[in-house]
Amino acid sequence: MKALWVALVVTLLAGCRAEVEPEPEPEVQLGQEQPEWQGSQPWELALGRLWDYLRWVQTLSDQVQEELLSTQVTQELTALMEETMKEVKAYKAELEEQLSPVAQETRARLSKELQAAQARLGTDMEDLRSRLAHYRNEVQAMLGQTTDELRNRLASHLRKLRKRLLRDAEDLQKRLAVYRAGAVEGAERSVSALRERLGPLVEQGRLGTATTSTLGSQPLRERAEAWGQKLRGRLEAVGARAQDRLDKMREQLEEVRAKVEEQASQMRLQAETFQARLKGWFQPLVEDLQRQWAGLVEKVQQLAVGTTPTPAASKNQ
């Protein structure tokens, strides 16, 4: 498996680093059939639907030409292209999750190469859509004139674009296969590492089982008595510690209660002393105020009696 993985990576890198100018694509005869697209992954099935629709467009039948004058063909192709690229991204994300155990450098390089192949496929689709839109504009501009030359030129462009689309799709398919091979190898490596980690634990479990079997050969009554004595000793020790703690807590509570009563008595005496002191301060002042008030009332009464006129004096006046 590792040898296959290395061979695939070397082949892929050699194809990426080659800087040879692409050869001109040979003209395909009108009656010559191009190879079919095959695949079982969701993105391959989506691309197959796009491939079949493009083959129907390439026939340039009367129905195709009629729909080319509208936007229906462009809309259908756009929907199929978006579906294909969506499935490619989903499949790539799934492989990236499986590729996590592989080295970071290798994973980054493969991801970059895969993105480049994916971008080329998207460019081919965009060129195809632009070519059809350009043809529609040219036909609409030549209404009432013969369009045989435009149709033949479109057929030639479609054959070339379809061939380039197939080439880039196969390239993407190969890179995804390399990506998947790396994911499988990473998964196998993770399983091996997990097996190495679990090996000592399994051995310890086996030894523990053997020890338990040896202990099981002893008489059950002896083991029960030994466990009972240990449990009794532990319970007695716990009870003794609990009793000591209760005695200490009782003593502490008595000390706290005595201190509280003492402080309460001191506060009561201080309050009584302060009350008596306040009374001694204010009692003379209150008595003096009472005397002054009584004298003031008496003077007011005398003034009132002295200023009241007699009846005879009032009459003479």
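Placement of Cβ uses the backbone N, Cα and C atoms for every residue, glycine included.
A C-beta separation below 8 Å, combined with a sequence spacing of at least six in one chain, links Leu161 (heparin binding site) to Asp124, Asp127, Leu128, Arg131. The heparin binding site feature in Swiss-Prot is assigned to Leu161, Arg162, Lys163, Arg164, Gly228, Gln229, Lys230, Leu231, Arg232, Gly233, Arg234, Leu235.
Residues annotated as methionine sulfoxide in Swiss-Prot: Met142. Cβ neighbour count for Met142 (methionine sulfoxide): 12 (other Cβ atoms within 10 Å of its Cβ, all protein chains included).
Annotation source Swiss-Prot lists region '8 X 22 AA approximate tandem repeats' at 79-254.
Here Swiss-Prot flags 157-167 as region 'LDL and other lipoprotein receptors binding', drawing on similarity to another entry.
The annotation region 'Lipid-binding and lipoprotein association' is assigned in Swiss-Prot to 209-289 on the grounds of similarity to another entry. Taken as a whole, the region 'Lipid-binding and lipoprotein association' (209-289) shows an average pLDDT of 79 in this prediction.
Annotation comment: Swiss-Prot describes 265-317 as region 'Homooligomerization'.
Annotated region 'Specificity for association with VLDL' per Swiss-Prot: 277-289, in sequence order.
Under the heading repeat '1', Swiss-Prot lists 79-100. Outside the repeat '1' (79-100) by six or more residues, the chain places 41-43, 45-47, 49-50, 53, 107, 110-111, 114, 118, 121-122, 125, 129, 172, 176, 179-180, 182-184, 186-187 with a CB less than 8 A from a CB of the stretch.
What Swiss-Prot lists as repeat '3' is 123-144. Non-local neighbours of the repeat '3' (123-144) in the same chain are 50, 54, 57, 65, 68-69, 71, 73-74, 77-78, 81, 84-85, 150, 154, 157-158, 161, 164-165, 168; each lies 6+ residues outside the stretch with a CB under 8 Å from one of its CB atoms.
What Swiss-Prot lists as repeat '7' is 211-232.
According to Swiss-Prot, the feature repeat '8' maps to 233-254.
The signal peptide annotation in Swiss-Prot covers 1-18 and is backed by sequence analysis.
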Exercise for review: Could you measure between Gly228 (heparin binding site) and Met142 (methionine sulfoxide) for me? Cα positions, answer in whole angstrom.
Suggested key: 107
Review point. Among the binding-site residues Lys163, Lys230, which residue has the largest number of other Cβ atoms within 10 Å of its own Cβ?
Key: Lys163
Check your understanding: 10 Å Cβ neighbour count around Arg234 (heparin binding site)?
Key -> 10
Practice item. Could you put numbers on the helix, strand and coil content of the repeat '8' (233-254), residue by residue per DSSP? Key: 22 helix, 0 strand, 0 coil
